[in-house]
Amino acid sequence: MTTTGRQRPAPPHVARAPRPAAVRRAEAAARAQQRRRSRRRRTFLVGAVVVLVVAALAVAVPALLGRDHGSAPQAGPSVAVASQPSATPTTAPAPTARDLATAAITTAWTDRWRGAKGFLGTASGPASCTGSEDDPTRCTQKFAGGTLVWRPAKGGTVTVAQTDDPATDLVIVNKQRPLDPRTFAPKKLVEVAGPNEVMRPEAAKALKSMFRAASKAGLPLVVHSAYRAYGVQASTYEGWVAAHGKKQADNESARPGYSEHQTGLAVDVLDASGSCGAMTCFGSTKQAAWVAKNAWRYGFVVRYPKGEEKTTGYVYEPWHVRYVGKKVAADVRATGAKTLEDFFGLSAARTY
Ligand SMILES: [Zn+2]
């Protein structure tokens, strides 16, 4: 038996034996190729991610910009409409002064009344105007819950007022226009002369300012009667009826629900200097002349002027001033209107 004939199994370490140089070179080349492939794969992946990000931004950014400008993200249709050359600007007739007046009512309604108050409801029909198309003197727009009146005034200012609602400071009350509701009472009242004489805050502030100016001019004023509640006015009126009869009572006093004093915006003022402490002589005082000339500067009008009884329904009351705000008081003066009825185009109210 010879050893040459015996087949010894290859020892396990044979594989780790040094390989021929050619094999090592081939293996190195294969590894290098593998590394190049990995690099190419990484480059491709990074490129793909960049392309995806750019594509996402291309979609998202215009959508975000569109939202910033208040339009819908899909701005296609509106952009298409906007880019169409439109003949409207050149062919539409230029707005007339009347168009602008009615637009002013709409703007006031939108900005001031609808936003802040919300009581006017929907408009009933178009605004109606007096005067010519190019020179309207007054436009009125009725709403379910009130009326807005537009008046031009000198200096390019316009007045838009709500004349029906007693909660506004431009409500017009007279013998044909009772407060609605007749038992109306202001939400807030502040003292103007002790605890018994009160007015709405805006009117009280203006009155104080007017009194300061009058005192400065050497013509001090004092409050005679400010706010009167429905019940108080009822007693006052009944007192007049009892003393002088219904006819005279209606000339000198107001029925409850029809008095400006019930709005909290009207006040009777008297001379505080001591030379005249009563209504009967107030008209002949320097104070009365000062009030007639200057009340508008503080937002008041002398509500019942001399010679306007047929419109206001009241005899001359130089002591009775009504707060309407500085702007409207100035506008009333600028237009030369003698009464608030004239100013707002409301019917005369000689009698009930
Ligand atoms: Zn009065």
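From the backbone N, Cα and C atoms, a Cβ is placed for every residue, glycine too.
Owing to the predicted nature of the structure, the values given are computational and were not obtained by experimental measurement.
Database features (TrEMBL):
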REGION    1-23  region 'Disordered'
COMPBIAS  13-23  compositional bias 'Low complexity'
TRANSMEM  44-65  transmembrane segment
REGION    71-99  region 'Disordered'
COMPBIAS  80-99  compositional bias 'Low complexity'
DOMAIN    198-326  domain 'D-alanyl-D-alanine carboxypeptidase-like core'
For the domain 'D-alanyl-D-alanine carboxypeptidase-like core' (198-326), the DSSP residue counts stand at 64 helix, 25 strand, 40 coil
Confidence over the domain 'D-alanyl-D-alanine carboxypeptidase-like core' (198-326), expressed as mean pLDDT on the 0 to 100 scale, is 95
